[in-house]
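What follows is a short report on a single structure.
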(Lines of atoms letter the chains of each structure in order from A and count residues from 1; the text may use other names and numbers.)
(Lines give C-alpha, C1' and ligand atoms only; values in the text may rest on other atoms or scores of the structure.)
Protein backbone atom coordinates (compact mmCIF):
# COMPACT_ATOMS: atom_id res chain seq x y z
CA UNK A 1 0.00 0.00 0.00
CA UNK A 2 2.73 2.45 1.01
CA UNK A 3 4.88 1.60 -2.03
CA UNK A 4 1.86 2.19 -4.26
CA UNK A 5 1.31 5.61 -2.65
CA UNK A 6 4.97 6.44 -3.19
CA UNK A 7 4.68 5.53 -6.89
CA UNK A 8 1.60 7.77 -7.20
CA UNK A 9 3.57 10.58 -5.56
CA UNK A 10 6.38 10.19 -8.12
CA UNK A 11 3.90 10.34 -11.01
CA UNK A 12 2.37 13.50 -9.55
CA UNK A 13 5.84 15.08 -9.35
CA UNK A 14 6.34 14.51 -13.08
CA UNK A 15 3.21 16.57 -13.76
CA UNK A 16 4.11 19.27 -11.24
CA UNK A 17 7.57 20.19 -12.56
CA UNK A 18 6.48 21.50 -16.01
CA UNK A 19 3.44 23.19 -14.45
CA UNK A 20 5.67 24.96 -11.91
CA UNK A 21 7.95 26.19 -14.71
CA UNK A 22 4.96 27.61 -16.59
CA UNK A 23 3.67 29.43 -13.49
CA UNK A 24 7.15 30.80 -12.78
CA UNK A 25 7.34 32.14 -16.35
CA UNK A 26 3.95 33.82 -15.82
CA UNK A 27 5.40 35.52 -12.70
CA UNK A 28 2.92 33.84 -10.35
CA UNK A 29 4.20 34.25 -6.79
CA UNK A 30 5.01 31.10 -4.81
CA UNK A 31 3.53 32.77 -1.70
CA UNK A 32 0.28 33.42 -3.60
CA UNK A 33 0.12 29.73 -4.52
CA UNK A 34 0.71 28.81 -0.86
CA UNK A 35 -2.20 31.04 0.23
CA UNK A 36 -4.38 29.57 -2.51
CA UNK A 37 -3.66 26.11 -1.12
CA UNK A 38 -5.01 27.17 2.27
CA UNK A 39 -8.14 28.70 0.71
CA UNK A 40 -8.85 25.47 -1.18
CA UNK A 41 -8.31 23.49 2.05
CA UNK A 42 -10.86 25.66 3.88
CA UNK A 43 -13.39 25.19 1.06
CA UNK A 44 -12.68 21.42 1.16
CA UNK A 45 -13.42 21.35 4.89
CA UNK A 46 -16.75 23.14 4.54
CA UNK A 47 -17.81 21.01 1.56
CA UNK A 48 -17.17 17.82 3.58
CA UNK A 49 -19.08 19.40 6.47
CA UNK A 50 -22.01 20.03 4.10
CA UNK A 51 -21.85 16.38 2.94
CA UNK A 52 -20.66 17.42 -0.53
CA UNK A 53 -17.92 14.78 -0.43
CA UNK A 54 -17.29 14.70 -4.18
CA UNK A 55 -16.83 18.46 -4.32
CA UNK A 56 -14.71 18.24 -1.19
CA UNK A 57 -12.38 15.77 -2.91
CA UNK A 58 -11.98 18.15 -5.86
CA UNK A 59 -10.93 21.00 -3.55
CA UNK A 60 -8.62 18.63 -1.65
CA UNK A 61 -6.86 17.85 -4.94
CA UNK A 62 -6.58 21.57 -5.77
CA UNK A 63 -5.19 22.32 -2.30
CA UNK A 64 -2.67 19.47 -2.45
CA UNK A 65 -1.62 20.55 -5.95
CA UNK A 66 -0.94 24.11 -4.76
CA UNK A 67 1.07 22.72 -1.85
CA UNK A 68 3.14 20.58 -4.20
CA UNK A 69 3.74 23.41 -6.67
CA UNK A 70 4.61 26.38 -4.43
CA UNK A 71 8.07 25.21 -3.42
CA UNK A 72 8.92 24.18 -6.98
CA UNK A 73 7.80 27.59 -8.30
CA UNK A 74 9.98 29.33 -5.69
CA UNK A 75 12.95 27.19 -6.71
CA UNK A 76 12.50 27.65 -10.46
CA UNK A 77 11.89 31.42 -10.17
CA UNK A 78 14.78 31.77 -7.66
CA UNK A 79 12.49 33.43 -5.11
CA UNK A 80 13.13 31.05 -2.21
CA UNK A 81 12.97 33.13 0.99
CA UNK A 82 12.67 32.74 4.78
CA UNK A 83 9.18 34.29 4.59
CA UNK A 84 8.09 31.80 1.95
CA UNK A 85 9.47 28.92 4.00
CA UNK A 86 7.66 30.18 7.11
CA UNK A 87 4.35 30.61 5.27
CA UNK A 88 4.62 27.22 3.59
CA UNK A 89 5.43 25.34 6.79
CA UNK A 90 2.79 27.10 8.92
CA UNK A 91 -0.04 26.88 6.40
CA UNK A 92 0.81 23.23 5.70
CA UNK A 93 0.08 22.45 9.36
CA UNK A 94 -3.26 24.28 9.20
CA UNK A 95 -4.12 22.36 6.03
CA UNK A 96 -3.19 19.06 7.71
CA UNK A 97 -5.63 19.85 10.52
CA UNK A 98 -8.39 20.67 8.02
CA UNK A 99 -7.74 17.61 5.83
CA UNK A 100 -7.94 15.10 8.68
CA UNK A 101 -10.43 16.75 11.05
CA UNK A 102 -13.02 16.79 8.24
CA UNK A 103 -13.33 13.01 8.78
CA UNK A 104 -15.55 13.81 11.77
CA UNK A 105 -18.26 14.80 9.28
CA UNK A 106 -18.06 11.33 7.72
CA UNK A 107 -19.13 9.91 11.07
CA UNK A 108 -15.68 8.79 12.22
CA UNK A 109 -14.94 8.87 15.95
CA UNK A 110 -13.99 12.41 16.98
CA UNK A 111 -11.52 10.96 19.49
CA UNK A 112 -9.71 8.91 16.84
CA UNK A 113 -9.72 11.82 14.42
CA UNK A 114 -8.19 14.05 17.12
CA UNK A 115 -5.48 11.44 17.71
CA UNK A 116 -4.82 11.21 13.95
CA UNK A 117 -4.43 14.99 13.77
CA UNK A 118 -2.07 14.94 16.74
CA UNK A 119 0.06 12.16 15.24
CA UNK A 120 0.28 13.95 11.90
CA UNK A 121 1.37 17.19 13.55
CA UNK A 122 3.89 15.31 15.69
CA UNK A 123 5.54 13.86 12.57
CA UNK A 124 5.96 17.37 11.19
CA UNK A 125 7.15 18.76 14.53
CA UNK A 126 9.83 16.09 14.94
CA UNK A 127 11.17 16.90 11.48
CA UNK A 128 11.13 20.66 12.13
CA UNK A 129 12.88 20.31 15.49
CA UNK A 130 15.41 17.82 14.14
CA UNK A 131 16.27 20.04 11.19
CA UNK A 132 16.66 23.04 13.53
CA UNK A 133 19.31 20.92 15.28
CA UNK A 134 21.07 20.30 11.97
CA UNK A 135 19.71 16.81 11.28
CA UNK A 136 18.28 15.71 7.92
CA UNK A 137 14.83 14.12 8.23
CA UNK A 138 13.53 13.98 4.66
CA UNK A 139 12.70 10.40 3.73
CA UNK A 140 12.66 9.23 7.34
CA UNK A 141 9.52 7.30 8.24
CA UNK A 142 7.09 5.03 6.46
CA UNK A 143 4.52 7.71 5.56
CA UNK A 144 5.52 11.31 4.85
CA UNK A 145 3.18 14.23 4.23
CA UNK A 146 2.66 13.51 0.54
CA UNK A 147 1.59 9.94 1.27
CA UNK A 148 -0.69 11.12 4.10
CA UNK A 149 -2.53 13.46 1.73
CA UNK A 150 -2.95 10.64 -0.80
CA UNK A 151 -4.31 8.50 2.04
CA UNK A 152 -6.89 11.20 2.86
CA UNK A 153 -7.90 11.29 -0.81
CA UNK A 154 -8.31 7.49 -1.02
CA UNK A 155 -10.27 7.33 2.25
CA UNK A 156 -12.74 9.91 0.90
CA UNK A 157 -12.94 8.15 -2.46
CA UNK A 158 -13.72 4.79 -0.83
CA UNK A 159 -16.33 6.50 1.34
CA UNK A 160 -18.15 7.58 -1.84
CA UNK A 161 -17.73 4.58 -4.13
CA UNK A 162 -17.61 1.65 -1.67
CA UNK A 163 -18.80 2.23 1.89
CA UNK A 164 -18.15 4.08 5.11
CA UNK A 165 -16.95 0.85 6.74
CA UNK A 166 -14.25 0.21 4.14
CA UNK A 167 -13.05 3.82 4.33
CA UNK A 168 -12.97 3.49 8.12
CA UNK A 169 -10.69 0.44 7.87
CA UNK A 170 -8.32 2.45 5.70
CA UNK A 171 -8.47 5.27 8.26
CA UNK A 172 -7.36 2.78 10.94
CA UNK A 173 -4.44 1.78 8.70
CA UNK A 174 -3.65 5.47 8.21
CA UNK A 175 -3.52 5.94 11.99
CA UNK A 176 -1.29 2.90 12.44
CA UNK A 177 1.21 3.99 9.78
CA UNK A 178 1.22 7.53 11.15
CA UNK A 179 1.97 6.23 14.65
CA UNK A 180 4.77 4.04 13.26
CA UNK A 181 6.24 7.07 11.48
CA UNK A 182 6.24 9.06 14.74
CA UNK A 183 8.16 6.23 16.43
CA UNK A 184 10.58 5.88 13.49
CA UNK A 185 11.39 9.59 13.41
CA UNK A 186 11.67 9.86 17.19
CA UNK A 187 14.06 6.92 17.28
CA UNK A 188 16.08 8.29 14.35
CA UNK A 189 16.54 11.68 16.02
CA UNK A 190 17.26 10.11 19.41
CA UNK A 191 19.89 7.83 17.89
CA UNK A 192 21.59 10.63 15.95
CA UNK A 193 21.71 12.97 18.95
CA UNK A 194 23.20 10.29 21.20
CA UNK A 195 26.25 9.86 18.95
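Positions of Cβ are set from backbone N, Cα and C atoms, glycine also.
The following features are taken from Swiss-Prot:
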ACT_SITE  92  active site, proton acceptor
BINDING   67, 70, 88  Mg(2+) 1 binding site
BINDING   67, 88, 92  Mg(2+) 2 binding site
TRANSMEM  28-48  transmembrane segment
TRANSMEM  54-74  transmembrane segment
TRANSMEM  97-117  transmembrane segment
TRANSMEM  149-169  transmembrane segment
TRANSMEM  170-190  transmembrane segment
Next item on the list: Tell me, please, if the transmembrane segment (28-48) and the transmembrane segment (170-190) are in contact, taking contact as 3+ Cβ pairs under 8 Å between residues separated by 6 or more positions?
Entry: no
Item checked: Cβ-Cβ neighbours of residue 92 (active site, proton acceptor) (radius 10 Å) -> 18
Checklist line | residue 92 (active site, proton acceptor) and residue 67 (Mg(2+) 1 binding site), distance between Cα atoms, whole Å | finding: 8
Item checked: Residues of the parent chain within Cβ reach of the transmembrane segment (97-117), under 8 Å, 6 or more residues beyond its termini -> 41-42, 44-45, 48-49, 51, 53, 56, 60, 63, 149, 152, 155-156, 159, 164, 167-168, 171, 174-175, 178
Margin query: With the cut-off set at 10 Å between Cβ atoms, which of these binding-site residues ends up with the most neighbours? Options: 67, 70, 88.
Written below: 70
Margin query: Take the mean position of the Cβ atoms of 67, 70, 88, the recorded Mg(2+) 1 site. Which other residues of that chain put their Cβ within 8 Å of it?
Written below: 30, 33, 34, 37, 66, 68, 69, 71, 87, 91, 92
Notebook entry, point to check: If you measure the residue listed as 'active site, proton acceptor' to residue 70 (Mg(2+) 1 binding site) at Cα, how many Å is it?
Noted result: 11
